[in-house]
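What TrEMBL says about this one:
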type     : residues : note
SIGNAL   : 1-25     : signal peptide
TRANSMEM : 226-249  : transmembrane segment
TRANSMEM : 291-319  : transmembrane segment
TRANSMEM : 325-349  : transmembrane segment
TRANSMEM : 361-386  : transmembrane segment
TRANSMEM : 392-414  : transmembrane segment
TRANSMEM : 452-471  : transmembrane segment
TRANSMEM : 483-509  : transmembrane segment
TRANSMEM : 521-541  : transmembrane segment
TRANSMEM : 553-581  : transmembrane segment
Amino acid sequence: MARGGWWYVVVLLLVCAAIPVRSDASNHKYKVGDAVPLYANKVGPFHNPSETYRYFDLPFCSPGDVKDKSEALGEVLNGDRLVSSPYKLDFLVDKESEVICKKQLSKKEVAEFRNAVAKDYYFQMYYDDLPIWGFLGKVDKEGKADPSEYKYYLFKHLHFEIFYNKDRVIEINARTDPNALVDLTDDKEVDVEFMYSAKWKETNVAFEKRMEKYSHSSSLPRHLEIHWFSIINSCVTVLLLTGFLATILMRVLKNDFVKYAHDEETADDQEETGWKYIHGDVFRFPKYKSLFASALGSGTQLFTLATFIFLLALVGVFYPYNRGALFTALVVIYALTSGIAGYTAASFYCQLEGTNWVRNLLLTGALFCGPLFLTFCFLNTVAIAYHATAALPFGTIVVIFLIWALVTSPLLVLGGIAGKNSKAEFQAPCRTTKYPREIPPLPWYRGTLPQMAMAGFLPFSAIYIELYYIFASVWGHRIYTIYSILFIVFIILLIVTAFITVALTYFQLAAEDHEWWWRSFLCGGSTGLFIYAYCLYYYYARSDMSGFMQTSFFFGYMACVCYAFFLMLGAVGFRAALFFVRHIYRSIKCE
């Protein structure tokens, strides 16, 4: 397959297959008295977003024949488990204190509800694909210092306020009646009468704009000011860094070029110093070249994945509460871009004169998927033990396995074969000597770890303000929709990573250390380690998450995300360093 044709096919497949489709319910038009679909989704502690349970795991009034709604892959991955609700909110039919059921709660059921109220449990439902949130009850702590004196109450009356425009549902709000409470403090049987009311009101808001109210919360003026401050802060960082580096490097390189040209004219036998001195070693292939090529291939694939996710976000696919759209896109695009990983890894491995390209391809396939699979196995086991909705059903696991077996793996192999047959040679401006030069002793701050710390700090400082909003959205209940600002921050991250890696590579070569290949990759990817360090800060200082399940989910999946950033930014850093090294050695005469 021709290289251009391969890329064209991949891009077409991505664009066509990755865009999730809106569910059918949101397209319905209704007449007076028509049944509007209302699904109960899940309940869980408000501060633990990963720890959610099925709605009827708590002893609510059941509608009798509980029916599960068929869900897309992304919805299941998101932990959504929609079932028929006991509430009946027919179109334009007002209801006042409608009784769902009268129920006597046993001591065990009272304890279950009390435990849920103590942990700030919330419920989530969907009415015509519009989200409904609310708390199950409240804890009365007023004037009570001792927790044993707290009073626990369950809300038993829900008020629904529904807005409509002609034959469409536009908005729904749910509030609890603060006077309709059930005391759950004591361990005794309690009689409960669960009720609800519905009030319909007309609105002029168009059906096409009904989801805008959810995105407005993240674009309030005070939030936008912080986002723009973040952008300006990042831009200033970039301008200062790039300006400083460009000025220093251009001046130093210019002096180097003049000096080396003068040395050639005056005394050919004069001993060379600096980065020209190691021209016979700088393009010596790195150790563990199969692993290096695999890391480069995986990083390139993840960079492509991030680019397409941003494109879909910018065209409005990931609107608020489009259930599972992001997860669907991630799975589909990752599967379809595996050919890019195979092509990049195999072609670069062959350029490095590697021979066992099959093993390299297997390593490429396992480099990111392997740790992700092990993490998933552990966390899914934890979720099963907790009976949480985060535990994937067996059918979903089979679907993901089939996607990996029938799409990801074949595309990886096809990409690898195309890369092996590309016959590209490594473009080195200088010949490599037979024996490597000895690297002179270097001060401690020129070691790998100090250099990684320097390389990761600047890119991280350009994105850390925006990171809080991302974390509050992914690991909280804040809505994030300002993808344009996020895309600008992503571009800034790439630019800073590339520039800082180039600068550190130059200083490494100037110190006559020619082992820059792995160093440039590690320095570029070190921002991922800083992001993981931020995870520790966010968990303990900025969130109220607790419990083994939530803690393991947070640190487990964030480890995978930060590892993905490490590979992606490592590939960016190496590509920038390789371009720079080729450029400067092409500008001098190498014997």
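Glycine residues also receive a Cβ, built from the backbone N, Cα and C atoms like all the rest.
Heads up, TrEMBL stuff is auto-annotated, nobody curated it.
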Within the same chain, where does the transmembrane segment (483-509) have neighbours whose Cβ lies under 8 angstroms from its own Cβ atoms, ignoring anything closer than 6 residues to its ends? I mean 6 or more beyond.
227-228, 230-231, 234-235, 237-238, 241-242, 245, 248-249, 252-253, 274-275, 278, 282, 306, 310, 313-314, 318, 446, 451, 454-455, 458-459, 462-463, 466, 470, 516, 519-520, 523-524, 527, 569, 572-577, 580-581, 584
Do any residues of this chain, six or more beyond the ends of the transmembrane segment (361-386), have a C-beta under 8 angstroms from a C-beta of it, and if so which?
51, 290-291, 293-295, 297-298, 301-302, 338, 341-342, 345-346, 392, 404, 408-409, 412-413, 416, 548-549, 552-553, 556-557, 559-560, 563-564, 567
What same-chain residues lie close to the transmembrane segment (291-319): Cβ under 8 Å, and 6 or more beyond its ends?
14, 18-20, 211, 214-215, 325-326, 329-330, 333-334, 337-338, 340-346, 348-349, 352, 354, 360, 363-364, 367-368, 481, 483-484, 486-487, 490, 517-518, 521, 525, 564, 567-572, 574
Recorded stretch, among 226-249, 325-349, 553-581, maximising Cβ pairs under 8 Å relative to the transmembrane segment (392-414):
325-349
Quick check: do the transmembrane segment (226-249) and the transmembrane segment (553-581) share at least 3 Cβ pairs under 8 Å, counting only pairs 6+ apart in sequence?
no
Which residues of the same chain, at least 6 past either end of the transmembrane segment (452-471), have a Cβ under 8 Å from a Cβ in it?
218, 223, 226-227, 229-230, 233-234, 237-238, 241, 478, 480, 485-486, 489, 492-493, 496-497, 500-501, 504, 522-524, 526-531, 534-535, 538, 542-543, 569, 573
Going along the chain, which residues at least six beyond the ends of the transmembrane segment (325-349) come within the CB cut-off of under 8 Å?
6, 10, 13-14, 17-20, 72-74, 77-78, 289-290, 293-294, 296-298, 300-301, 304-305, 308-309, 312, 317-318, 357, 360-361, 364-365, 400, 403-404, 407-409, 411-420, 422, 424
